[in-house]
């Protein structure tokens, strides 16, 4: 059997469909648990529903970028496994790198890859990310609860200390967006400006519901503008 | 808001571990079944050759990123990992949800709201990928068009431009006002800029490590500024009363 025969076989389609259904069920269950607990601890049902709406609408556009990655990855590893990998754990960059490294290790490329190369590639994709999952099993709780204890003695310091992590995270994350070229900087600034405009419109028009969609509109607008900026610079 | 104690976190972390173990089984189960059925199980030597370099890069980076992301995402980090795309989807979803719900970070409400946002975001991606897979042939020209490729490359600045705005506000959620806290970010931010300008490629590759370096720096500066009264905190009325009762 060839690489392509296995990559598009009925068995792999079956395994992938079962795997994705399990992930969907796990995520749905988790969603219900969180929804109920948010209401139990006193968050208004309207607010919880607003979070659901806002999260769903804003997630559509970044998901299109992931679907675009599916088209690229499917060329290399076949449609069913690409669909599986991007649905669970994966990112296009990691998957493409591991697929190429696996083929290189055998001295092959996409055109000459054989059945054995598919097995090697599938496992090479698994290993790296699975190890980080093991880290979560043993250490995520310790890290999380450790940070929550920071404000045990002083309520005010507790409130401040919880902002420390977000500050550190954003310091590290936004630098490449601001200094990574003029298009990136303009896209970043456009997103902020659109957010200010939407917040202003919501305030003037007394349309609080609009605030739920600020991120979605900013994202779409800034991404569309990034194409314009890319053409200009 | 009522608090049901630490049991909620125990329950959510147990659930998270269960979710993770389940996903590892699914994740490894698919290649295991396929390789056993077709007799194409790779040799350990080939696997080390193919995955060794990748593991050397991704494992330390992944672990370092976890230290930066877990305090913000809480118990939802397990589910976020199962469906991936944390920086470009799950983390923004979590930050956006905290803003929409206006809850204080580090509370059960914030943890549940973050988990809800991550789960909804994951389901949307799963649906979009299903649609993309089913409609791959008609969508292919659109998905591989230069405009979509360009726009997809700027997802992160398009997301964080908006998210950073809400972070600049003194209101950190739940009615808590923290003034001048951003002063503590000046030095680490400058440090990140210098690092990025000197070693841009390594910076992109090791962003998780940069986060880990920034956390203690921001923490120490914030603590000193808080102790000296430069950073001030105003609690909401109901919590002020509780604090006075405790005092």
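Quick reminder: no glycine exception, Cβ is built from N, Cα and C everywhere.
Unlike curated records, TrEMBL annotations are generated automatically.
Residues or ranges marked as transmembrane segment by TrEMBL: B:21-41 (among others).
The feature transmembrane segment is assigned by TrEMBL to B:47-67 (among others).
As annotated by TrEMBL, transmembrane segment applies to B:112-135 (among others).
The transmembrane segment annotation in TrEMBL covers B:147-170 (among others). Sequence-distant contacts of the transmembrane segment (B:147-170) (same chain, six or more residues past either end, CB-CB distance under 8 Å): 87-88, 92, 95-96, 99, 177-179, 181-182.
With a threshold of 8 Å between CB atoms, the same-chain residues lying at least 6 positions outside the transmembrane segment (B:182-199) that come near it are 168, 210, 213-214, 217-218, 221-222, 225, 230-231. What TrEMBL lists as transmembrane segment is B:182-199 (among others).
Annotation comment: TrEMBL describes B:205-226 (among others) as transmembrane segment. Residues 57, 60-69, 180-181, 183-185, 187-188, 191-192, 195, 233 of the same chain sit 6 or more residues outside the transmembrane segment (B:205-226) yet have a Cβ under 8 Å from a Cβ within it.
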Long-range Cβ neighbours of the transmembrane segment (B:47-67) (under 8 Å; 6 or more residues past either end): 77, 86-87, 205-209, 211-212, 215
Outside the transmembrane segment (B:112-135), six or more residues from its ends: residues with CB under 8 Å to it: 12, 73-76, 79-80, 82-83, 85, 89-90, 93-94, 96-98, 101, 103, 143
